[in-house]
Amino acid sequence: MIIRGVLPVVAAATLWGCLGPFSKLAFSQGMDPLEVAFWRAGFGWIFFLAQAVWTRGYKIAPKDLPAITGFGFLGVTVFFGSYQIAVQNSGAALAAVLLYTAPAWVAILARLILGETLTSMKLVCVGLTIAGVAGVALGSSATQAIRVTPLGIAAGLVAGLSYALYYIFGKHYLNIYPTHTIFAYTLPVGLLGLLPWIHFHPMTPIGLAAVFFLGLATTFGAYTFYCIGLKHLDASKAAIVATLEPVVAGVMAYFWWGERFTLTGYLGISTILGAVLLLVYTDTKAA
């Protein structure tokens, strides 16, 4: 379970942790958040499409098209868009906390849709990860002022729910199609949904390099690793392990931007790591 399931999700979370620092680099070159999200998904799609064509893995059954295109809209357009609305209306820290209610959404949906067992240990780990993310988000020297607004709260919860759908959707369809086939169809749907809301700016070489890296590493690479791990883990367990992402992002921000954590931030990091280790230990002992 550790080698085939946990480690690939840890690799995905590590790559997702690069999202903040490299997005910040793109922002410094005059690009706005939705524009960065568009190019990130766009370059990622190119890699997935190339892999699908190379392996001849681009065929899907017509009956699955509605679900796959629907996931493209919910998992890309709604997810990216709602998260940016949450950041704009409630600040980045609260938006991050609301986004990482995703493990709770996954645990509930996995029980209702996939029939996964909802154990007391899973509930404990979900609670620890949400508390840990809150500590990391609120305990950074770069934390923006928190503004509690109805729109910001609603958008943040929608972002968490739409992010959770990656685990539920993936757990079902990865048994039918390879990763590159799924994302070769879902990403362009999401891109089309984002397109009307984006104001494009002239792209500098540094900005281009930043969004190219985001497409290659945080979309193509991260989703590939994540799907490998998801095949061998319960959806709720994968979601808990993936909360290592803000830990990686915080460490990168420390070395790259000089951002520091308060005691709350360090406690948050420790809590997330503790939850993941507890989950791994419990599963290893059970095996």
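Including glycine, each Cβ sits where the backbone N, Cα and C put it.
Curation does not apply to TrEMBL; its annotations are automatic.
Small disclaimer: the values here were computed from a predicted structure and weren't measured.
Looking at 20-37, 38-55, the range annotated in TrEMBL as transmembrane segment turns out to be 38-55. Long-range neighbours of the transmembrane segment (123-142) within the same chain, counting only residues 6 or more positions beyond its ends whose Cβ lies under 8 Å from a Cβ of the stretch, are 92-94, 96-97, 100-101, 103-104, 107, 236, 240, 243, 246-247, 250, 253, 257, 259-276, 278-279.
In this chain, the transmembrane segment (206-226) lies apart from the transmembrane segment (263-281): fewer than three C-beta pairs between them fall below 8 angstroms, excluding pairs fewer than 6 positions apart. Against the transmembrane segment (181-200), the recorded stretches 38-55, 67-86, 263-281 differ in Cβ pairs under 8 Å, and the greatest number is found for 67-86. Per DSSP, the domain 'EamA' (4-136) is made up of 111 helix, 0 strand, 22 coil.
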